[in-house]
Structures are given as C-alpha cells and as structure tokens.
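Features of the protein shown, as given by TrEMBL:
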COMPBIAS  A:340-354  compositional bias 'Polar residues'
REGION    A:1-68  region 'Disordered'
REGION    A:321-355  region 'Disordered'
TRANSMEM  A:94-112  transmembrane segment
TRANSMEM  A:145-166  transmembrane segment
TRANSMEM  A:173-195  transmembrane segment
TRANSMEM  A:207-227  transmembrane segment
TRANSMEM  A:234-250  transmembrane segment
TRANSMEM  A:256-275  transmembrane segment
TRANSMEM  A:396-416  transmembrane segment
TRANSMEM  A:422-441  transmembrane segment
Amino acid sequence: MITFMNNSDSEEEPCNERTSLMSAESPPVPSYQDGLQTAEAGEAQAHRKRRTGSSRSPNNIADGDVSDLGVPVRESALENEEEELTLKYGAKHVIMLFVPVTLCMIVVVATIKSVRFYTEKNGQLIYTPFSEDTPSVGQRLLNSVLNTIIMISVIVVMTVFLVLLYKYRCYKFIHGWLILSSLMLLFLFTYIYLGEVLKTYNVAMDYPTLFLVIWNFGAVGMICIHWKGPLQLQQAYLIMISALMALVFIKYLPEWSAWVILGAISIYDLMAVLCPKGPLRMLVETAQERNEPIFPALIYSSAMMWTVGMAKPDTAARGASQQTWDAAEDGGENPLHADSQMSETRSPGTTRPITSFEELEEEERGVKLGLGDFIFYSVLVGKAAATASGDWNTTLACFVAILIGLCLTLLLLAVFKKALPALPISITFGLVFYFSTDNLVRPFMDTLASHQLYI
Amino acid sequence: PALGLFLFTIARDPLRIIILIAGAFFWLVSLLLSSLIWFIAVKASDPQDETLQKGLLIFGIMFSVLLQEAFRFLYYKLLRKAIEGLVALSEDGCSPISIQQTAYVAGMGFGLMSGAFSMINLLADALGPGTVGIHGDSQLYFLTSAFMTMVLIFLHTFWGILFFHGCEHQRWWEITAVIIMHLAVSGSTFCNPLYMGSLVPSYLLMATAATWAYLLSGGSAQNLRRFLLCK
C-alpha cells in the first residue's frame, strides 16, 4: 500500500486541476476561458473575439493550477455582434459540457455498482491519516475534520508550488511533473482497474495480452493528451483518467472525510479563484501577461474546429497545423483549444481578407473545464451511489443537482466573463441533495413504493 | 415510450435539454420539500398507530401533489423570464423556442423525473433475485408499476402543456383542472392493489388530457386524419 500511496501522491497532481471553465469564444455566453486566451490576445488583438472568462475551480493542486490560466482575450470590433450570438451558442456549450460530465459520472457509477473492489475499505491514503473507525461520533467528526485540513493544506501547498514554478518559468519541471503523473495514471491505475473489472466478470486474460492492451492504451493516451490527436479521442481519454482518479478517491477516502473534503474544496476553490491573492488567480494573470497557452492534460476542452464554410480551406488547414504546432511548442497547450486554434489561425490571418475571417468566425468555440471539476463531480456521485442506501434515487438526485449547478455556473460565466470556480455551486447543490434525499426522501419513497402509491 | 419521446424530440436541441433538466430539478425540489413535511409529521406522531400512519401518508401525498403544481407554476414564471431574455438577445427578435415547446419540455422534465424516481429502485431490484411480492402481494406488481409510471409520465407532460397554456391565457379553470386531475390520479392509486381502480381511471384521464393538450396546441381532427393517412 505504501508504494501505492506514494503513487497516488503524484497522481494527485493531474487531479488537482483547477476546474476552470474557459470560454474559447467570446460571443458564446457560457464560455469559460483559460489562460490561453491571454496568449492569444497577444497574437491577434485585432481579430480576437474571445472573451476570457475562465471559470476555474482550483481544485487541486499543482496541475490544476496550470489549468487555471485564464486568458482574457481582447475583443475586436465585432464584439457587439458577438454579443448577440452569445446566447445562441450558449445552450450548445452547456450541452458540450453536460455530455462529458455525464459520461464520466456514468462510468464511475457503473464501476462502483458492479466492481466491489472500489467500495471495500483497504486502507487510506497518506493524506488522510486519521482513521474513522472510532466509536464515538465526536471523535469521528474530529478525525474527518483533521483529515480534511491535511488534505486541503496539501492541495494549497502544491498549488502555490506550481504557481511559483510557473512564475519563475521552470517550465521543464512542470512538464516533467505533468508527464510523470499522467503516465502513472494511464498505466498503473488502468492496470488496477482492468484487473478488478476482469475479476468481477470472471474473464481470464493472460499477461501478454494485458500488457499489450495497457501499453497501447497508455501510449495513445500520452500522445493524445500531451501532443496532438483527434479531439474526440483526447476528450475520451480525459474523461477516462478523471473517472479513474475519482474511483481512487472514492475507494481511499473514508466516509465522513470525503464529504467534508468536498465541502472544503469548493470553499477553497471559491477563494483561490476569486480572491486577488489567490494562487489560481495569480496563475491566470501571469499567464495572461505572458500570453501563454495553458498546460495540457489539465483542461478539458469542448472546442471543435470546423473547416466547413471556410473560403480558403488551405489557409485554414495551414492555420490549424500551424496552430497545433505552436501549441505543442508552447509546451502542451491543448491543441484542441478553440481559442488557440482561433488565435493561431488568426495570427497568420492578419493578412487574410476579411471574408475568410468572417467565415472563420463561424467556427465553434468551445468551453473549457478543468479536470479537477470532473473528478470531484464524479466523486460526489460515485459516493452517493456507493454509500447511500436509497441507491439510485439518491444518485439520480445528485446527478441532476450537479448538472443544474453546472448550468448556473456557466450562466454566471456568461455574465461575469472572467474565470470562475466551477465547483462551489454544483458541489453545494449536490451535497444538499444527497443528504436530504438520503434522509428525507428515501423513507417517503420507500413507503410509497411499498403501497404502490403514486404522487 | 417516454425515453423514445425524449430521444426524438428533445435530444436534438440543447436548449430543450437544459429546460428538461431544470424541470426535473424543480420536481426534485418539490419532492424534497414534501418529504420533509411528511418526515416531520411522522416523527412527531406515534409510530405505532397504523391508521394514523396511513392517514399521514395520504396527507403527505396530497401535499406533495399540491407542491408539485406550485413548483410547476414557479417554473413557468422562471421560463417566462428566461424566454424574454432570449428574445431580447436574439438577432431577429423572435424566440428560439416557443412557449408551447417549452411547456412540452417542462412537462417531460417533471414526468421523467417522477417516473425515474418511481421506477428505478424497482428496476434495480428486478435485476436481483426474484423476491418481490413474496409476502403475498399481487403478481402483477411489476407490470402495473410499469404501466402506472408510463401513464404518470405522459400525464405530467400533458399537464405541463395545459398548465402553461392556462397561465399564458389567464384561464384559471384550466389550472385548477390540472390540479384536480393530478389529485384524482394520485387518489386513485390508493385503490392499489385493486388495480382496476387505479389504472383504468388514470388511462382515461390521460386520454382526456392528451386530447385537450392536442387541441390546445393547435391540432384538430383534420390534422390527425391527415397525419394518419400520410397525406
């Protein structure tokens, strides 16, 4: 267990991404922007229409910090027209975020319900040293609060560390760290997960096959996340690693600590993003000053790059490749970033005629959400599925609550147009609904169902 | 069938999905509040008294129905404001979604959530060993539950349309009719397991509500005939 715990230590990093919602596009209302935008702003000031509203929820640590970079983009003269398009694209972006969050939750819930490994208590992480097996309620509460304090301080320390690294331009170190943690996630956790799933369904698999499968999965994952790859594949990988991380959390966090940690994380998120001295905010501002893209592997981007309707497909293609190349060069900018794409295509576009530019505007801008957000949403729903005795009702209630919280956060993003934490509202709703459904609704529904009465 | 409706009509348009989920949320909140009331009542009363418990249950159910309708009204208000905002922001001054579509989607949201809550534990238990009804309950438990849930989902959808229409045109009698119908359906389930008493009236009411909603949405017998004959 010790080694595993150590591993999870480094695993924490990718999970600690800030859940920043970044709007790749300025017009769409629910766009959250990440730091990338600032990078782009530098590039094509005249053409950039992006708003940088990033919502970030600095969830966890280090890696998360990177994702917090929000990039406020300067808008060009087309801003007014963009405003009107905002709400039109608004709903679409919300859905673009709904789908991956839903998928992640479904994966987590399905695994929790079927694979018993993840609900067995086999020890705790090194971050939560206090056990919860104490006889008295007060002692248990105290232990969970202490666990939470330790966990949150670990997260804060890592976040600050990452911000410092970023400030002093130790990019290589950050990249190495990110690569190491994603490597660990992709290989080790997948191996454990696959092993457990195969055990549950009693499917035999020999080691060479297993090795081949995991090797392929991991290698493709590394390439997809850190370099270039098809958008959908990258999204799928990010969802999978978020789900894996959430499963680890569900398994290794003791009961009450998990709930208190969830609450504390959302408060921390709120503070870290909105307070002027908050680490995430500093990260965003620094990134904006430098006009740099965000680190990869920490942000989920829902952006799509369309070349439909482009007057000059060759220039667009060139722009895109140039962009992805620039992105890779920047050290991991997510090539799927819509804004990076836009900025890239725009930067050589200053010499382009306006027509192609206008057609470019039809491209979908995406919204970015930090991976930490995914993880904590899934932890909440997974814990609801694992521990609630009302089973599916509670899970469903938490699911709806989280989605509504996400909607509201996106709405706020549209209104405020700057980085916002995505955790607090959703987690608050989720927690409220979990506890109330478990304790209040469940007896009611059970009684109704036993008499087969309907309301 | 409800799922099919969802896939065909709602899944295309993201705005509708949001309205659906929000509708489900509102239903959930109403359920929460009503179960809170019931819980308090139960805790405050004597757990041994059977008839009292049953009476409290009935009271809880009625209260819950009223709360659901109240939340439907609140949701209507919210949607009105939201649509006005959308209209103001859209380019050509007309709303991307009509109030009737909204009513339909909102009703679906309510219905799906209520159906899900009613059925899903049942379904999960159905996957397990066959222990339902072992105490001498009716053998038709699953079947009737499925039908009842379906009829309730449809009813919620139609009630949504009727309700919103009533609110739009200030026809209070439509709203009261919806409330009365809801109460009647819930009340009819008290006859369970005498399934005749609950399923048949519910289906009849559903047919009534369906035709009413259809007429309100601008349909007519002519349209129906044309549609059926594929003209």
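Count begins at 1; order follows the chain as displayed.
Cβ coordinates come from backbone N, Cα and C, glycine included.
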- Considering only Cβ pairs under 8 Å, which range in A:94-112, A:145-166, A:207-227, A:422-441 makes the most contacts with the transmembrane segment (A:234-250)? A:94-112
- Which one, A:173-195, A:207-227, A:256-275, has the most C-beta pairs under 8 Å toward the transmembrane segment (A:145-166)? A:256-275
- Note on the structure: Contact count check, CB pairs under 8 angstroms to the transmembrane segment (A:256-275), set A:173-195, A:207-227, A:396-416, A:422-441; argmax is A:422-441
- Item | Positions on the same chain near the transmembrane segment (A:94-112), where near means CB under 8 A and six or more residues out | 21, 30, 118-119, 193, 197, 235, 238-240, 242-243, 246-247, 250, 300, 302, 366-367, 369, 374, 377-379, 381-382, 385-386, 395, 399, 402-403, 406-407, 410
